[in-house]
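Inspection log for the structure reproduced underneath, given as structure tokens.
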Ligand SMILES: CC(=O)[C@@H](O)[C@H](O)COP(=O)(O)O
Ligand SMILES: NCC(=O)COP(=O)(O)O
């Protein structure tokens, strides 16, 4: 079984597009948890184009009512992000090496180059009891160092996996991700995965049982336009059971 953490960035994008609290991100989070999702993810970016720092505080309060579920806050560890996360104290923080003006996340950490910057950040988050995840490309050779600098888990960046789905060579890509996941496990890390996962491509990634949690938002929100939010969340839960 793989846990589903629903990323509500795109609900925040819709909300912010009219400057009113509609759709209500907290209501969508509550509804999603009541449907059985394990967690809620947001990725507040410096421009707060979708999820905001206030959403982090509000979601933390909401999650008090769901003690067996988790809040995952993703983002680049700049001073603003870190001060919010250290105050909110989510269950999990996923560090992502994004520049402020990036359209979306499009690469994992270069842990060899960034290790000196990451070590104290990871230590500070762990002092607060926050599980720390590093957003990583599926490269088995980097997992040992990710563990050495203090990460609890890695999140495999799955855009390449999603792009390969349905095409020649997909099985080789699946194998690369499974090898990276196994290398992470062998190094003592947990394995999360995310980015561009959807109802069609989710199962081959999770079938081997190495992935503890997937975080999904963009495709899930779009799929909900056709199928309805409740049906889509239930469909993911069924595929991940
Ligand atoms: C890190 C990652 O792949 C996603 O969690 C990211 O949050 C997507 O960000 P946008 O929703 O801004 O595209
Ligand atoms: N970490 C991945 C995530 O939270 C959502 O990514 P996506 O499903 O919006 O591509």
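Note: Cβ is positioned from N, Cα and C throughout, glycine not excepted.
Note that TrEMBL annotation is computational and uncurated.
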1-deoxy-D-xylulose 5-phosphate binding, same site as 45, 50 - TrEMBL member from 104, 144, 158: 104
Candidate sharing the 3-amino-2-oxopropyl phosphate site with 18, 196, 217, 218 (per TrEMBL), from 7, 231: 7
Close-lying recorded positions around ligand 2 among 7, 50, 195, 196, 217, 218, where CB distance stays under 6 Å: 7, 195, 196, 217, 218
Residue 217 (3-amino-2-oxopropyl phosphate binding site) and residue 74 (active site, proton acceptor), distance between Cα atoms, whole Å: 13
Proximal but sequence-remote residues of the same chain as residue 218 (3-amino-2-oxopropyl phosphate binding site) (Cβ under 8 Å, at least 6 apart): 7, 9, 10, 196
Where the C-beta lies under 6 angstroms from ligand 1, the matching recorded positions among 18, 155, 196: none
